[in-house]
Each structure stands twice: as structure tokens, then as C-alpha cells.
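The annotation domain 'G-protein coupled receptors family 1 profile' is assigned in TrEMBL to 1-249. Taken from TrEMBL, the feature transmembrane segment applies to 18-38, 50-69, 156-184, 196-218, 224-244.
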Amino acid sequence: NTLIITAVACNHCLHTPMYFFLLNLSFLDLGSISTTVPKAMANSLWDTRAISYSGCAAQVFFFVFFMLAEYSLLTVMAYDRYVAICRPLHYGTVTGGRACVKMASAAWASGFLHALLHTGNTFSMPFCQGNTVDQFFCEIPQILKLSCSGSYLRKVGLIVVTACLGFGCFIFIVLSYVQIFTAVLRIPSEQGWHKAFSMCLPHLVMGSLFVSTSFFAYLKPASISFPAVDLVVAVLYAVMPPAVNPLIYSMRNKELKDAL
């Protein structure tokens, strides 16, 4: 992620809308993985599971902030690819410098707003079921298990509203890619197919992985909550995308490899 940020910032050939969004994605990936993994590694090395109340609240805030901002940015990136492939003559107008800054700012602002709502709502509840969070970071569904039943229902309502908004973004991404693939299949050149699919499919795969695992983690019934399953699902949506995104967007990208 740091290499991508450096390459895009320092190479003027990469100062385009696609790489501007990739720069933002790398910042979000770097932030989200730095929120959970270093603390888990430190606890593992010191053979402890302790985290302070304020530390847990900060972890929840920054994790929700970075992950939801990243999801919003993936939606923006799908729109960017749609305009580039399906409306190429309008690309310069639709994704001008000011428009790109506004779309990226909206993604960051949506993550910040959701983080404030979720953190404030979660930590305003009374906890009456102990103080052990059964996860390698302070995950909201695990914290909810410690709260009293009345407040729990209030928090679940906020999660459901956020999930509905997230599902709406996912539908937008899918529809964008349906339009993209329809346009790509009209291209007579196999090289054009290969270039378009290699650019779009990794984005779609990682978006689908993030959405499916996070929805499962936050909306699954308590009856199928097992520590091993919860751990695997948390790794899939909290660790895998930030770690794999840089490889997906750089390994098959000649311009980025040349810049590096």
C-alpha cells in the first residue's frame, strides 16, 4: 500500500482519476489493517488479550470508518470504470479533477459519519454480560453480546439500516459491471476483452468477498456463532481485502509497475 501511494504521488503519468481513487483506496487499506493487526500481534507476543475501554472504542471507530469508507470508494471506482468503458467520450467531463475530489470526499465522509453513529451507539449501552470480547479485535457483533437486551435491539436496528445501505451500494456495483461486461463483449478484439476483464474482475471479486463476509459477520443469527467460524469470517473481511488489494491492482498493471 505504501509503495502504491508513493508511486502514484510521485509519478505524474499516474495523475489520472483511476489512480487517484487507487491512492485513496491504499490509504484506507493501510488504515484499516493498521487498526486491528498490530494490536493483535502485540497481544499474541505478550500472551495477553487485554485492551483498554478507550482503546476498544477507538478501534471500533477507526475500523468502521476505514472499512465503510473503503466500501463507498469501491462503489465510486465501479462508477469510474463504468464511465471509462461505457461512456468514454464523456469520461473527461464526468470524472474531472473537482468531481473526483468530491466523490472521494463523499466516500471518506460517509465512513466518518457511520463510524460516529456506530461507536456512539455501541458505547452508550450498558454492558452486563462480562468484559471478554471473543475476537482478535473489538468487533461490534462480539461487543453486542455483552450488552443488555433492550439496548441490544436498538444497536441491531442501526446495523440493519447500514446493511441496507451497503446492499444498495452492492447492487449499484453489480449493475455497473453488468453494463461494463455487456459493452466489453461487443469489442471485437480479444486483447480488448483481456484488458477490460483483468481490470474489472479483481475489483468485483474483492468487493463480493468483502460484502458477503461482512454481511455474514454482522447479520448472522447468534445460534450459528462459533469462535472458529467468527475468526475465519473476521479475517476474510477485515484482513484479506487490505492485504490483497495492493497485489490485485499492481501485479497486472504495467503503468504502476513501471512507476515503481
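Think of each number as a place in line: the chain as shown, counted from 1.
Note that Cβ sites are derived from N, Cα and C of the backbone, with glycine treated the same way.
Below 8 A, the CB atoms of the transmembrane segment (224-244) and the transmembrane segment (18-38) form 3+ pairs separated by six or more positions in the chain. If you take every residue in the domain 'G-protein coupled receptors family 1 profile' (1-249) and average the pLDDT, you get 85.
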